[in-house]
Amino acid sequence: MLCCMRRTKQVEKNDEDQKIEQDGIKPEDKAHKAATKIQASFRGHITRKKLKGEKKGDAPAAEAEANEKDEAAVAEGTEKKEGEGSTPAEAAPGAGPKPEEKTGKAGETPSEEKKGEGAPDAATEQAAPQAPAPSEEKAGSAETESATKASTDNSPSSKAEDAPAKEEPKQADVPAAVTAAAATAPAAEDAAAMATAQPPTETAESSQAEEKIEAVDETKPKDSARQDEGKGEEREADQEHA
C-alpha cells in the first residue's frame, strides 16, 4: 500500500509538471521523465522485497529508508529539470542502456541457436557410426544359424558313418567263425580216417572225439548267430537314438 501511495504521489507531481510545462515540452524532457519513472519503479520493487524479508519490527526503518530514497530521487529530478542544458546529455545515458541490452540479448540468441543446431549435428554424427551395429548383429546371427544348420546336417552323416564302421567289425567276425568251422572240418575227416584204420577201442574214442568236435562245431555257429543278433539289436538301438 505504501508503495502504491508513493507511486500515485509521483504521478501526481509529474502531471502537475506536465501541466506547467505544456507550452515548452521537449523530447529530452519526455525521455528524462520516462527514465525517472523506471528508476522509481525499480526502487519500489527493491523496497518491497526488503519489506517482505525483514521482520515487522524493522518495517518502519525500511519505510523511512524508502522515503529518503524517494525524496532523493525527486530532488535529483528537480535539479535535472533546472539544468536544461545538461538534461539532453543525461537523458541519453538513461535511454542508452535499453537498446544495448536488447542488442546483447539479440546477440546471445543466435549463438544459442547455433549451439542448439550443433547439438543435433553431434547426435547425428554419433548415430551414424552406431548405425552399422544392427547389420553386424544380423551377420553374426546368420553365421551362428548357418553353423547350427551345418552341425545338424553333419550329425546324421556322422551317425551314418559310425553305423558302417560298426558293421565292418561285425562282418569281420562272421568270416572268422566260418574259417574256424572250415578248419575244424578237415580235422574231423582226419579223425574219421584214423578211426577206420585203428582197432574198435580207438574207434570208440574217435567217435567220442568226433561227437565233441561236432558239438563244438554246432555251438560255434549258435554263438556266432547270437553275437550277430546282439549286434543287430545294438545297431537298431543306435539308429533309434540317432
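Note that Cβ sites are derived from N, Cα and C of the backbone, with glycine treated the same way.
Bear in mind that the values here come from a model prediction, so they are computed numbers and not experimental data.
Database features (Swiss-Prot):
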COMPBIAS  9-32  compositional bias 'Basic and acidic residues'
COMPBIAS  66-84  compositional bias 'Basic and acidic residues'
COMPBIAS  85-97  compositional bias 'Low complexity'
COMPBIAS  98-118  compositional bias 'Basic and acidic residues'
COMPBIAS  119-134  compositional bias 'Low complexity'
COMPBIAS  143-158  compositional bias 'Polar residues'
COMPBIAS  159-171  compositional bias 'Basic and acidic residues'
COMPBIAS  172-204  compositional bias 'Low complexity'
COMPBIAS  209-242  compositional bias 'Basic and acidic residues'
DOMAIN    31-60  domain 'IQ'
LIPID     Cys3  S-palmitoyl cysteine
LIPID     Cys4  S-palmitoyl cysteine
MOD_RES   Ser41  phosphoserine
MOD_RES   Ser86  phosphoserine
MOD_RES   Ser155  phosphoserine
MOD_RES   Ser157  phosphoserine
MOD_RES   Ser158  phosphoserine
MOD_RES   Ser206  phosphoserine
MOD_RES   Ser207  phosphoserine
REGION    1-242  region 'Disordered'
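Ser41 (phosphoserine) carries a helical DSSP state (H, G or I). Calculated from their C-alpha atoms, the gap between Ser41 (phosphoserine) and Ser207 (phosphoserine) amounts to 147 Å. A simple way to gauge crowding: the CB of Ser41 (phosphoserine) has 13 other CB atoms within 10 angstroms, across all the protein chains here. Taking all protein chains in view, 13 other C-beta atoms sit within 10 angstroms of the C-beta of Ser207 (phosphoserine).
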